[in-house]
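Student: Got a structure here, written out as structure tokens. Questions coming.
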Amino acid sequence: MQIMTAPDLIRRLSSTYAILIIGISSLIPAFFTTYLYFFQDHHLHFISHAGHELAIAIALLQSGFIAVIAWQCFQYSGERFLRWLALGFFSFTLIYACHGIFTRIASVNIWQFVLYGPVSRLVMVGCFFVGLLTYGKPALDNDEKQRRGSWRSWTTVLIIINVAVFGLASTSWAPPAQKVFELSALLLSLLCVAIVRLRGLNSPLMTIYSVSLLFFAQSSATFLLSSAWNHLWWFAHIIFASGFILLSYSVIKVFLTTRSFALVFSQEELFEQVRAEKSRTEKALAELQDAHADLGNTHDLLRSVLASASEFSIVATDINGLITIFNKGSERMLGYRAADMVGLQTPLMFHCDAEIEARGKELSAEFYTVVSGFRVFVGRSEVDGQETREWTYIHKDGHRFSVSLVVTTIRSTVGEITGYLGIAEDITERKRLANLKSEFLSTVSHELRTPLTSIVGSLDLIVGGVFGPVSEPMSGMVDVAHKNSQRLRSLINDLLDMEKMSAGKLNFELEWQPLEAIVVPAIEDMRPYGSMRRISLIFKTSLKNELLVRVDAMRLQQVLSNLISNAIKFSPEGGLVEIIIKTVDDKARVEVSDHGSGIPWSFRKSIFTRFSQADSSDTRQHGGSGLGLAITRQLIERMGGSIGFESEPGQGAVFWFELPLR
């Protein structure tokens, strides 16, 4: 059981006391009604037509004004409850007006004078009841407000009610009808109060609403106990007017504040919200101070990292390209001081104009829009998030050098681009070594190619029997020499192709050609090799239309030969290699699949790199230079395509490449 603290006990007692005060105050009219009922002279009357008409006129002006105010609030907030409040006040105004008009004929037909009073109260409380049922529902949108914004139909209904009451007043049903109407208004008022309490609607305005309805209920009860013009009858008017004034006050407060009945708060609630907001603000401030301290630590760490990264140029810019960070590595690499660059220059200052123009043309063709200036550095990274590309930097003293530049787009937590980060590494020495290696490989390959051609040619003649039959002991050695010389020639050709591609000297004659017309001959060329290993080559396609691709036919056949020969090499004897042509996302796709041992996980990342081979004995026994797939990838990419593979260990592999269709 939870123990209540002293402050909690005092708070609960205070709330209970406040409820008692409101409850007792709400029932004060009942005490006076009881007093008058038992102690007044029921035959004592005060007849004043002028006084009654003046009171009616004031009530009508007040109810009409409040109806307009409530309607204005409804038009502003769309709150359904306010619409029914406005209709309730409006209904009371039109019906109660007849009660005032027929004051002078009270002596002729008392019911034409009396009957409009309970009817006006019943219709008004009925509207309030319907409004209470809509309290808390979503507000109406503008279209719905316009659709329900006409008073014409409701005015027609009220006129019909007035005519019906006038007719009823001339019948013998008038006396019991008056009691039924008054009793219905009383019960409906009490029902509204019960609904407010059961729904826990404890806001200040709903409390006033409940008190007003209690006053209306007591007013109806007093009218039932009174007769026209006696003191109890006048007191019933006063009770009703008091409730009317309370309810009109709540509507005025809504109009002067939020224009929403559900969003008007008492001073106590406001102070409680202020206290809660103050607590939240203090907590947020403490968190902000902690975050500021963490940010300071992060800033110091970042400054240390930037300072220590002396081998790399780190340059950050805003979205317009203006430099915001220029680290020590940038100063060392480019010769400019950070003070001369930050906030003053863009990276265009130390880039080669010819490269900028060439890259701009490439991106413009790719994006179908003009890309120039600073945009050439960040256009691709905005799409992919990051781009790595080789550029030429120009030092302050004028000398030029190559860098590998990684450009990253910086985004906010909501995904908006806030700037760009470029990290550059001087690759001059790396390129020099790569050129030396390429020159060495090229020289060695060319020097070996001429004598090797003679050796292979001679061995071809010997194996072909041109010089007569080879003796049995010599036959095996000649076959070994013949196969290894062919393998060496293939390696040299691969090295020369790789060197040409690296140097950009490999020419491509790109033309639109039927894909199947290139694939089928390549398969036929590889059938003898497949037959040697008892491997069947199967070609499949379900396409009825001819696929046109823009390729160099000879280079594409080289790609197919590499992929098919690999599939044959790694297929078990008696196995099957499938070559399939199909389309994927408006691209032509060729798949070469085998049923071998699959590709090891450790080898997958480097499978398309130079001199890359799996280390398993099963792979090594098949030989190869490790250049075939690297060459294949570069050939496909130079023809505008892409290449990849899919494999599960023990279930073979599928190598595929895709090319744009015409």
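Glycine too: its Cβ is placed from the backbone N, Cα and C atoms.
All TrEMBL annotations are machine predictions without curation.
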Student: Pick from 114-135, 180-201: which range has transmembrane segment per TrEMBL?
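Tutor: Feature transmembrane segment in TrEMBL: residues 114-135.
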Student: So are the transmembrane segment (54-74) and the transmembrane segment (232-252) touching or not, going by 3+ C-beta pairs under 8 A with a sequence gap of 6 or more?
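Tutor: Yes; at least 3 Cβ pairs under 8 Å.
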Student: Please report, as numbers and ranges, the same-chain residues at least 6 past the borders of the transmembrane segment (114-135) whose CB is under 8 Å from any CB of it.
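Tutor: Same-chain contacts beyond the ends: 80-85, 87-89, 91-92, 95-96, 98-99, 102, 106, 158, 161-162, 165, 168-169, 174, 177-178, 181-182, 184-185, 188-189, 191-192, 195-196, 199, 201, 213, 216, 219-220, 223, 228, 240, 261-262.
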Student: If I take every residue in the domain 'PAS' (298-343) and average their pLDDT values, what number comes out?
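Tutor: The average pLDDT of the model in the domain 'PAS' (298-343) works out to 83.
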